[in-house]
Amino acid sequence: MCKMHGTREAEGGGVDITNGREILPGNVIPRHYDLTLEPDFEKLTYDGTVVIDLDVVENTKSITLNTLEIDVHSTKVLSGSQTISSSPELSHNEDKQTTTVAFGTEIPKGNKAQLEMKFTGQLNDKMAGFYRSTYKNSDGSQGILATTQMEPTDARRAFPCFDEPALKAEFTITLIADKKHTCLSNMDVASETEISATKKAVKFNKSPNMSTYLVAFIVGELNYIETDKFRLPIRVYAPPNQDIEHGRFSLELAARTLEFYEKTFDSKFPLPKMDMVAIPDFSAGAMENWGLITYRVVDLLFDPATSGASTKERVAEVVQHELAHQWFGNLVTMDFWDGLWLNEGFATWMSWYSCNKFYPEWKVWESYVTDTLQGALSLDSLRSSHPIEVPVKRADEVNQIFDAISYSKGSCVIRMISKYLGEDVFMEGIRQYLKKHAYGNTQTGDLWNALSKASGKDVAKIMDIWTKYVGYPVVTVTENESDKTIHVKQNRLLRTADVKPEEDTTLYPVFLGLRTKDGIDENLVLSKREDVFKVQDFDFFKLNADHTSIYRTSYTPARLEKLGRAAKDGLLSVEDRAGMIADAGALAASGYQKTSGVLNLLKGFDSESEFVVWNEILTRLSAIQGAWIFEDQSVRDGLEAFQRDLASEKAHKYGWEFKDSDDHIQQQFKAMLFGSAGLPGDKKVIAAAQDMFAKFAAGDKTAIHPNIRGSVFSIVVKYGGKKEYDIILETYRNSKNSDERNTALRVLGRARDPELIKKTLSLPFSGEVKEQDIYMPISGLRSHPEGIEALFNWMTENWDELTRRLPPGLGMLGTVVSICTSSFSSLEGLERVQKFFAEKSTKGFDQTLAQSCDAIRAKAAWLDRDRQDVKDWVQSYSVKTIKSEL
Ligand code: BES
Ligand code: ZN
């Protein structure tokens with residue numbers, strides 16, 4: 001911990017409050033950091049020296065910069081050739097994470113200054129700042145590597161710095177390390193010098209102007225593969241416990257993607273190389289450090305022999321997302337964290353865009369509708385959601401906005417405007433934006449300006465509401481046959497079905513996207529509360545064609561039935577069908593329709609042939625099952641039977657053998673059907689799963705195809721017991737394959753036996769599950785009522801331990817809280833959650849907690865409305881099924 005516990009407020013206020021933001025005072029501006037670091041793998045500390053060149057823009061007697069858990073030994077302030085102070089007074093503000101350096105002599109405005117600090121830091125195990133990551137060597141010994149994660153506000157944990165995205169500077173970094181270690185940083189190596197028999201100093205070239213959150217350095221034993229298929233060298237690195245050949249897919253994809261982005265953005269990647277590194281302990285999925293992208297092992301390394309189609313798609317998504325940031329985020333950066341969506345929303349959209357170019361046969365824009373769009377609409381239907389552009393005041397608030405609003409709603413906003421302007425015009429705007437703001441910082445308005453310029457349209461006018469206001473509308477459509485018009489009306493949608501008039505004042509510019517037999521009318525915009533539009537042919541129309549707009553449509557039951565028929569007649573796109581089912585399901589959950597109506601709609605899709613649509617059908621059914629998880633067994637059995645009836649026939653027809661001739665989508669479709677039929681009790685599938693599992697347990701590791709590994713494990717745990725559980729636990733413990741280990745860990749929670757639940761809940765703190773993976777064993781427990789109950793109790797009983805291990809500022813605590821609370825579906829459950837947290841600090845996860853509570857409220861209200869409705873539906877469904885079987 002830091003020695004400078006000065007409680008005195010820094011002179012000059014320490015921190016400016018501008019727009020309510022806590023930011024550093026603007027009296028000096030950092031221009032260049034000369035940073036030297038020497039990690040010590042024995043003591044698990046590092047020594048550092050930083051020399052920061054500053055422009056003095058106001059008369060200055062003190063300098064405030066960010067530090068966190070750093071022990072500063074000595075500080076010097078220089079100006080020109082003059083030493084201003086060799087022992088200035090330091091005061092640390094723990095709460096604001098700053099240190100103020102105060103000196104007697106004033107440095108006049110217009111001068112240059114240098115601040116030099118020598119310090120020691122911990123190579124911590126919190127996956128933040130300069131931290132240590134460990135892995136097991138083949139001889140059983142432990143390997144260590146030192147690596148960094150700075151975003152959003154942990155560069156200050158690694159070295160004293162001006163830790164704000166707008167304070168860009170150049171960096172010259174030197175690492176002092178064991179000769180046997182590989183040293184990496186954002187830039188390429190300038191020089192390597194021997195400094196002792198065992199040590200070397202590796203100095204990297206000076207970086208361009210960049211934000212502190214993108215700085216990275218790594219020291220450790222690493223292998224690599226390299227490609228020369230791009231203009232510049234690209235490498236994939238991994239620790240020696242990994243087969244580096246598994247980096248091949250990402251390596252090749254990175255080469256093609258960088259070339260594609262250079263062309264698309266008309267902007268050369270400005271650094272001399274690109275390294276991508278697999279890190280054994282990593283809190284997020286990946287991090288876009290400029291020229292040195294770090295990844296969770298499973299998000300970079302891919303073994304086609306042992307991983308399936310969905311894993312491949314995930315790896316491609318992550319790689320293309322982080323590479324998009326090299327321009328969007330790294331070259332042009334948001335000026336503060338409330339612009340985070342510019343980074344994440346764009347990179348998310350861009351990863352789908354480029355994936356679609358490279359793998360058109362994956363049809364990712366179809367799955368976008370069931371994936372990203374639904375993720376956005378789901379979170380944004382809660383009262384505790386937030387606008388895309390959210391005011392962020394303090395460092396500990398930033399982590400909570402790395403959520404489905406910044407990523408998914410942000411991406412949907414981009415998709416909406418790109419469709420509206422046309423992709424070519426949109427990209428032209430993006431090129432202008434990147435050119436104009438290269439190496440600089442921007443606000444949302446700068447993007448809209450560039451797009452306006454390229455398109456000649458007033459983009460800000462259309463888009464401002466979408467980024468500045470929370471939520472989105474449900475558009476209710478009623479029909480007037482006599483004058484061939486539809487009446488559309490927009491209202492704020494809340495999942496809790498309790499919108500107050502004062503919460504329903506925003507009028508969104510809604511691109512209606514009216515689809516008729518003649519095509520799509522892209523020009524209809526509903527900007528008022530309600531309006532009337534002509535529709536020529538009442539036989540068929542649908543709003544929100546391809547679901548490129550951010551709203552849900554509520555039709556009359558009669559129209560919904562007609563749309564069901566239109567789907568069969570081939571009048572709707574895949575996106576239309578999937579989106580329409582999603583809307584119906586979500587609207588039932590929010591009280592706009594009866595749940596029985598949705599169940600009937602799903603039933604009517606029996607002749608549907610597309611994976612994405614089936615995925616949505618089963619997702620919506622599983623949302624109902626989730627809300628009904630504590631309800632009467634007979635109703636739950638009825639819903640399971642329905643799921644089986646939906647999936648079984650197709651599962652049997654397509655089978656569960658995977659051939660080389662199966663395309664990417666086919667593979668995922670088969671895998672989904674297999675699980676969806678087997679879990680609710682299809683006997684044939686269960687027998688097949690048990691057979692494969694028996695062979696697997698007997699040592700045939702290829703007996704289970706990776707596409708259905710999770711399903712096979714889940715089925716045998718559900719219909720087996722301790723024996724199967726133990727084999728899966730052993731697989732987690734001993735498998736060499738990270739993908740397989742993760743699958744095993746995720747499945748264990750599905751076991752319902754009290755002893756096994758106990759065993760599962762002993763894993764997170766057992767020392768054998770890395771903190772990065774804590775959410776895996778616990779999330780499986782959400783699949784049954786006993787597990788949900790046990791999870792909450794586990795969280796409350798281990799709260800101190802949890803907060804100790806997962807510091808609130810880092811975001812993982814919020815994930816755990818959400819997993820352990822949000823599966824309740826009654827007001828009693830809600831009360832227990834609220835009571836537990838009433839006396840506790842919820843700093844760092846208050847928003848996530850509020851979202852969990854809203855999710856519970858929504859389910860409780862849903863059950864209140866439709867408990868009987870679903871019971872009746874299940875009863876009549878069972879009667880019909882029995883009759884038809886007789
Ligand atoms: N910039 C983020 C990494 C990050 C996340 C840093 C949270 C700090 C806090 C990175 O670009 C990212 O978004 N990674 C995603 C993967 C992506 C494919 C959605 C992730 O980590 O899951
Ligand atoms: Zn990102």
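Our numbering is plain: 1 for the first residue shown, then up by one each step along the chain.
Keep in mind that glycine also has a Cβ here, set from the backbone N, Cα and C atoms.
Given the structure is predicted, the values throughout are model-derived calculations rather than measurements.
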Listed co-binder of Zn(2+) (same site as His321, His325, source TrEMBL) among Glu344, Glu361: Glu344
Intrachain C-beta neighbours of Glu344 (Zn(2+) binding site), sequence separation six or more, cut-off 8 angstroms: Phe402, Ser406, Tyr407, Gly410
Segment-level pLDDT (mean, integer) for the domain 'ERAP1-like C-terminal' (540-858): 96
For His321 (Zn(2+) binding site), the number of other Cβ atoms found within 10 Å of its own Cβ: 25
Neighbourhood of Glu322 (active site, proton acceptor) by C-beta distance under 8 A, where only residues 6 or more apart in the same chain count: Met276, Ala286, Met287, Glu288, Ile293, Tyr295, Ala347
Cβ-based neighbourhood (8 Å from the centroid) of the Zn(2+) site, residues His321, His325, Glu344 excluded: Glu288, Glu322, Ala324, Phe328, Gly329, Asn343, Phe346, Ala347, Thr348, Met350, Ser351, Tyr407
Nonlocal neighbours by CB distance (under 8 Å) for His325 (Zn(2+) binding site), same chain, sequence gap 6 or more: Glu288, Asn343, Ala347
